[in-house]
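If you look up TrEMBL, you'll see 24-45, 92-118, 139-163, 211-236, 256-276 marked as transmembrane segment. Among the features that TrEMBL reports, domain 'ABC transmembrane type-1' is placed at 90-279.
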Amino acid sequence: MVDLTVSAVASEPRTRSRKPNLRLVLSVAWIAVVILAALAAPLLAPHDPLAQDLMLERLPPMGFTGAEPGYFLGTDSLGRDVLSRLIYGSQIAITVALTAAFAACVVGSALGLISGYFGGWADRIISRLIEVWMAFPPVLFAILLVAVLGASLTSVILAIAVIDWTRFARVIRAESMVQSRMDYVQSAQIGGASRLRALFSEVLPNVLPTIVALLALEMGVAVIVEAILSFVNLSISTDDPTWGGMIAEGRAAIHFGWWVLLFPLIALFLTVLSFSQLGEGLKDQFDPLAR
């Protein structure tokens, strides 16, 4: 009887650890759909996203009175297909999410590692720089940078990277300070490893899970910031489809075509939520105390 009880108790954590994280699965599934749409936009889009036809303006989505076959999500005030513009808009969202978040990750993580691991004057300078940088409202700072640099995709990516590196620097600095005091780091240095080698061989691998989780969260932030800049016409050309630009157009004509506003809002919400949940899910997966 005792053996059976002990066996059942011992097997319980193993069963629990194998339970799939539904939040993580759903987030990855939606992000995969958006990436697929971005990569295969010319194949998936039923119409040219820039083609205008005033004879087809404000057609409702399929299933509503007045809908036209082939225009599944309806058309906007210029007769452009909403679904096609939504699909092509995913290209901008994913491009910004990957490049801007990765740039912010590299800069912020590098400075955070240097600050937390080496300490001293490097830590003081980087810490003061982080404090000064975070004193500026991030969205207003991004708008100012894009306004100065000029509205373009490169300017948007640069602005997001410039304002968001502090998210990584603060967290990685704290993690590096903790890791640098661990016995295995001290043992590596006693064994003859230089401080720089110990940083890359001992500290970096242990803070890498945190960096990956932060990177996923930052991708969602990058998508929403790009949408805000598009909303105020500070992203790419207003003719090119972006989710933020579509939301701005739909907001101006919501009483005549609610679908022009609703569908890009849904796409934006689900994408940002999925990146956020992916980051939280990865953090839980990497943190043994959260399992």
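Even glycines carry a Cβ here, placed using N, Cα and C.
Model, not experiment: these values are computed from the prediction.
With respect to Cβ pairs under 8 Å, the transmembrane segment (139-163) is most closely packed against 211-236, considering the stretches 24-45, 92-118, 211-236, 256-276. Residues 81, 83-84, 87-88, 90-91, 93-95, 267, 270-271, 273-275, 277-278, 281-282, 285 of the same chain lie 6 or more positions beyond the ends of the transmembrane segment (24-45) yet place their CB under 8 Å from a CB of it.
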